[in-house]
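Notes follow once the structure below has been shown.
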Amino acid sequence: MADSKLLAPELSDAESMGEETVRFQELLLKASKELQQAQTARPESTQIQPKPGFCIKTNSSEGKVFINICHSPSIPPPVDVTEDELLQMLEEDQAGFRIPMSLGEPHAELDAKGQGCTAYDVAVNSNFYLRMQNSDFLRELVVTIAREGLEDKYGLQLNPEWRMLKYRSFLGSISQQSIRSQQRPRIQELGTLDTHDSLGTRHGPERPHLNLWLEAPDLLLAEVDLPKLDGAQGLALEIGENRLVVGGPQQLYHLDACIPLRINSEASRAAFHHRRKQLMVSMPLLSASS
């Protein structure tokens, strides 16, 4: 993910960062305060009642396992991409695409034969669920992500083989779930700021438009607009502890943003959104004590 050639020596000089960095720091710190105030002013979570969708059957070493795939309008939808775009992202092993879902607690149930089993409720966005109903590909993807999420959360080892129940949309009863309720404060788009390298007399790579926001106190997201590109081929990305550097193929783009937060570069991920022609970057933040 790193390419040290992208770091221009003159940009490492604090004096060259100029007014843009100062304004950026003010905007980012303001957004951090807004997020903290929002968390104080409202409950961190809200209760939702998912609606039934479909139920799949699999198993673990401890017996039968059923997963109720549910939906709720309160769950945020994933980024709107076509199946072709999503398939290409997955083939390129990019981790920028996420399907928000709520993983419920295990509950003991009885199957059709009256034998004991375990059921889990997994909720996704209602509009996305409607789209998933007409797509075997999305259904397979959601089940795979749900299964892996349950394995990670509860230390399970589930059989990847599964089948969907024909005549039951859920097993047992679907309980309420708690989801995070805070909104993400947008940070002013840096592409609109006046910078020395955006003056009309400047020649060389174009500085792309950058959007940043705090998804949570420990997660910073970025969108870099690259309208001249059709894919990620030739893109160079470097993420430092407080630096985001993007270089385009054939010197089309160059972005060097100093971020006054500590980024976990090892855990950061990026994906190219083909329809929007954007580079999406997910950057977990390090705690002050780490």
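Just so it is clear, glycine is given a Cβ too, placed from its N, Cα and C backbone atoms.
Here the candidates are Ser12, Ser32, Ser175, Ser268, and Swiss-Prot annotates Ser12 as phosphoserine. Checked against Swiss-Prot, the residues Ser16, Ser178, Ser198 yield a single entry marked phosphoserine: Ser16.
DSSP assigns Lys64 (site 'Interacts with TELO2') to a strand segment in the three-state reduction. Closest by Cα distance to Lys64 (site 'Interacts with TELO2'), from the recorded positions Lys57, Lys113, Ser173, is Lys57.
Cβ neighbours within 10 Å of Lys57 (site 'Interacts with TELO2'), excluding its own Cβ and spanning all shown chains: 19.
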